[in-house]
Amino acid sequence: MELAAWCGWGLLLALLSPGASGTQVCTGTDMKLRLPASPETHLDIVRHLYQGCQVVQGNLELTYLPANATLSFLQDIQEVQGYMLIAHSQVRHVPLQRLRIVRGTQLFEDKYALAVLDNRDPLDNVTTATGRTPEGLRELQLRSLTEILKGGVLIRGNPQLCYQDTVLWKDVFRKNNQLAPVDIDTNRSRACPPCAPACKDNHCWGASPEDCQTLTGTIAPRAVPAARARLPTDCCHEQCAAGCTGPKHSDCLACLHFNHSGICELHCPALVTYNTDTFESMPNPEGRYTFGASCVTTCPYNYLSTEVGSCTLVCPLNNQEVTAEDGTQRCEKCSKSCARVCYGLGMEHLRGARAITSANIQEFAGCKKIFGSLAFLPESFDGNPSSGIAPLTPEQLQVFETLEEITGYLYISAWPDSLHDLSVFQNLRVIRGRVLHDGAYSLALQGLGIRWLGLRSLRELGSGLVLIHRNTHLCFVHTVPWDQLFRNPHQALLHSGNPSEEECGLKDFACYPLCAHGHCWGPGPTQCVNCSHFLRGQECVKECRVWKGLPREYVNGKHCLPCHPECQPQNSTETCTGSEADQCTACPHYKDSPFCVARCPSGVKPDLSYMPIWKYPDEEGMCQPCPINCTHSCVDLDERGCPAEQRASPATSIIATVVGILLFLVIGVVVGILIKRRRQKIRKYTMRRLLQETELVEPLTPSGAMPNQAQMRILKETELRKVKVLGSGAFGTVYKGIWIPDGENVKIPVAIKVLRENTSPKANKEILDEAYVMAGLGSPYVSRLLGICLTSTVQLVTQLMPYGCLLDHVREHRGRLGSQDLLNWCVQIAKGMSYLEDVRLVHRDLAARNVLVKSPNHVKITDFGLARLLDIDETEYHADGGKVPIKWIALESILRRRFTHQSDVWSYGVTVWELMTFGAKPYDGIPAREIPDLLEKGERLPQPPICTIDVYMIMVKCWMIDSECRPRFRELVSEFSRMARDPQRFVVIQNEDLGPSSPLDSTFYRSLLEDDDMGDLVDAEEYLVPQQGFFFPDPAPGAGSTAHRRHRSSSTRSGGGELTLGMEPSGEEPPRSPLAPSEGAGSDVFEGELGMGATKGPQSISPRDLSPLQRYSEDPTLPLPTETDGYVAPLACSPQPEYVNQPEVRPQPPLTPEGPLPPVRPAGATLERPKTLSPGKNGVVKDVFTFGGAVENPEYLVPRGGSASQPHPPALCPAFDNLYYWDQDPSERGSPPNTFEGTPTAENPEYLGLDVPV
């Protein structure tokens, strides 16, 4: 059924398409079942309305038509926008054979789109008895009607009507109109013949074969032609209505929505389109206005075009009506509040009013334009005593003398007998007729006692008919050129019941002789439509008073206009050329060039001026300026009328001065007294409030945030001992030192950051801010602050990390690092950053250089110089400026200075990339200013050669443009923990299983141990939470059998002069408290009994439970069963897993043809490193195991000084202006105090200021 709905016979081949050129549109009527105002002219009214009409824009109402009426003028109608009503008519047929669609935008009785009512012969019963064929509607003959979009059908009281019950109305109704009511009366007084045999299923509109109903909604399969049975091309387009001639939307017989130049569309083309290239709105040359169901290039006359592309009769809210010079009308948005307008009947608050009465007439006082209509009914002049409405008087009608335009209609069926015309509307120029009386009339006058019309200024009737009916004394109807007033061919004058021209001639009613073409609105010279000669005011005259007569005039076209009163009348020439005083030929009194004046100005202030002007007339009558131009107190004048010179008396000046001084003193004393009293009152009020106040001054506004109870330890300078300089920079110096707390016999290795002398307050504030941030941190993966020393130069005391920064560590040991080392570090850094996210701290400077190595298995995040704590209601931090590491931070941080935890995720991805490339420089060779453009174009760091796609995809996710698409740190912890359990699956390092088994001690570590003062030290964390030693821990005595086994480090020298750390079993350690950190202060790497470089012996293996639950560690980065923020609980009763990753056990590699792997360079080596392949563009590394040139990183600079005998080792990269990057031996490099060489951190090429455009 769905396919057949628009197939087969739905393709009507013989009918016109909706795009037929020259479509004639007419307005319908809205009289319902009311009797026509003029039955004599009713048929003429219908003919004028629908002659040649194809689309009825309103309702098609055919009522009260006589039996002999010729209705052939209806045969062109194809579409009705509203409803169709055929009622109380005696015609046998209505020729609407071409009507295709009834849209039902208005419905009869709010329900019916088609109503056929009481079309019968009044003498139906009599004619039947006498044998005469009765009149009345016999057949509908709507053979082309295939669509009713909205509304039902009502057919009643048609005794002669046949075939209405044979129509398949379900097929006529649109799919969404299937529930429309159908009320059909089949009671008839005659027998109806059957439908023609050609009509399938006996569906027809009449007896003729041409009247068979065309089915477009339900079609029997047998009715479909065999050659085109149910083909998709046999279906109409979805925008078609009433059938089609082909499958395209240009083949529709009628359009479902809008007809655009013969093509059916869902919407008309918009007037404005958006240009995506220039980001601006552009006029659409193909744009169309919506007019009914059509798309038109311009709105029809009398309709208003809107900005949204519609043709309307009333402007929308906050819009005003504007008429252009070419006569087009449009709605224009008011720049401010719209000016007040006068509403007539049918609009706004007068929507329910029927007529103009004494209760509402004053609303039209002073109105030049009325939006709406005017109607004068008998009740207007009779009043309504029950409602307290008095009768309308002739004097009250004078309010309409200023009226010039009516947008609706003017209907008058009652008028005062004392008024012989409609001269109260003498200035009315336009009746637009956008709303018509009964849907037909813009001007209707009936039953009046007036003698003539008197509408002398009326020049336009925009729409509708003119009805002048049954006015028994009205003349001059035929002397008005009505055709010049009409604006469309469907307009006409309908008159009846008025005096004839002969009767008016007998009354001596004729136009004034000077009226052009004999056209007038009444008798006399003021009622001419146009004048044959000249017009003076409202009168037609034969000539103007140019040379004679008073007042003198000048000619402007056909108008006689008076000269200015100050012009001297001339006899032989024109008195003036215009109506202004400067257009006179001569002046009768004086001339104040160029104006003629009655007298010269004396003390007159010109417009927009406060200075008076004094002039006197000379002998020729010309006004000359006075020598003295007095501005005030101009009393004494000379004989010419000019101000006389006056000398001011000194007494006046003295008096004025004295009075002014006294007044100033009095005011000063009064003001002083008032100020003193005011202060006393304020002081008194304040004391009273303080004595009586029982509540807090400020209201409580709790934020809900937890208090920061971190402790800040203040150290005395006597507790600190500086051993040697580790590095220097613009901020000051970093020392290796020892902290010896007062009263305790312990030595704690520390790093002391000392600001240099004369440091700016900003530097002091920044180091205190850094101390504030570090003091509140308590994670094993974040560097701890031990305290501050508030001397003249602030000193920051932190943990001393024996292995230096992670960047130097991976570069120095790139040939001896394994996959588990790298992945364990990734896990620990992610856990540290996850902790920072939990405490709402944005780091802003995460990089491998800012991660310190406490032990080869334990790293910590440091450098909180750029970190920012977020408040409880903050989710991001916006930087005001400063330097940032462009190549490490996220794109939104570069462009918008926006820093969040997700921007730290970006930096984490770059840090992982540094580890996986063994310390390569990101985006090497690319200037920092080009980084934003490069990132916006989608370029990212390349995949490191040792990384599998799994690891690289995590990096790529960290570098997503949308920060919300990046993973969270807790997700990164989970991902890298999973990879750390099976490291060689995710990080592939060649010959990893053959790598050296020597411990990963660094040159920096050896330099620390060479100092004699570094023995017998206690680790800072062990001092704060006691546990094993720092460099040379002693075995814990008295260890229980259920405690963890611990390690003891021993220091030996290898044959090559390298320092090796061995881990020997030291027995069992005592049980820890639940708050005590695990080995390495919470290291995530299991450090069982297998030490670095030690051989696993049988004695190191303790008995274990061989159950499946304990044979494998769930998390190889943390084999202990419970973790609480980096700390572990005792395992007194839980056996440890049997299989875990052992990152430190590597077999000795065999000798290769090229020889064994090169050892770490000794401290005194002076030979250059062999040149290696430097990283290419964007950090691509050709040889992952050779980074000889990567050590000379511009981020790290060495203080000037030192001797040639002890050059700076190339293996080290001490950081500049950072307390965690060390110099190998700066104490031996003499440098003048407070002098620095090199580039400070602020000038680091990896950091770029946010306040500089990038």
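Placement of Cβ uses the backbone N, Cα and C atoms for every residue, glycine included.
Here Swiss-Prot flags D845 as active site, proton acceptor, drawing on sequence analysis. What Swiss-Prot lists as compositional bias 'Pro residues' is 1146-1161. Sequence annotations record features per position, and here Swiss-Prot assigns compositional bias 'Polar residues' to 1232-1242. As annotated by Swiss-Prot, disulfide bond applies to C199-C212, C240-C252, C299-C311, C315-C331, C342-C367, C475-C504, C544-C560, C563-C576, C567-C584, C587-C596, C600-C623, C626-C634 (among others). As annotated by Swiss-Prot, domain 'Protein kinase' applies to 720-987. As annotated by Swiss-Prot, N-linked glycosylation site applies to N68, N125, N187, N259, N530, N571, N629. Sequence annotations record features per position, and here Swiss-Prot assigns phosphothreonine to T1166 based on similarity to another entry.
Proximity note: of the listed recorded positions (C212, C299, C311, N571, C584, N629), none has a CA within 10 Å of the CA of N530 (N-linked glycosylation site). Between the disulfide-bonded residues C311, C544, C560, C576, C587, C576 has the most other Cβ atoms inside 10 Å of its own Cβ, all protein chains included. The subset of disulfide-bonded residues (C199, C342, C567) lying with their Cα within 10 Å of the Cα of C587 (disulfide bond) consists of C567, given in sequence order. Cα to Cα, C626 (disulfide bond) and the residue listed as 'active site, proton acceptor' are separated by 84 Å. N571 (N-linked glycosylation site) and N259 (N-linked glycosylation site) have their C-alpha atoms 69 Å apart, to the nearest angstrom. The disulfide-bonded residues C475, C504, C563, C584, C626 differ in how many other CB atoms lie within 10 Å of their CB, and the one with the most is C563.
Of the recorded residues, C367 (disulfide bond) and C212 (disulfide bond) place their C-alpha atoms 58 Å from one another.
Scoring each of the disulfide-bonded residues (C199, C331, C600, C634) by how many neighbouring Cβ atoms lie within 10 Å, the top position goes to C600. Here the domain 'Protein kinase' (720-987) has a mean pLDDT of 89 out of 100. Using a 10 Å Cβ-Cβ cutoff, N530 (N-linked glycosylation site) registers 15 neighbours. Annotation: D845 carries the greatest number of neighbouring Cβ atoms among the recorded positions C623, D845 [cut-off 10 Å, Cβ to Cβ]. Spacing of C475 (disulfide bond) relative to C560 (disulfide bond) is 30 Å (Cα to Cα, whole number).
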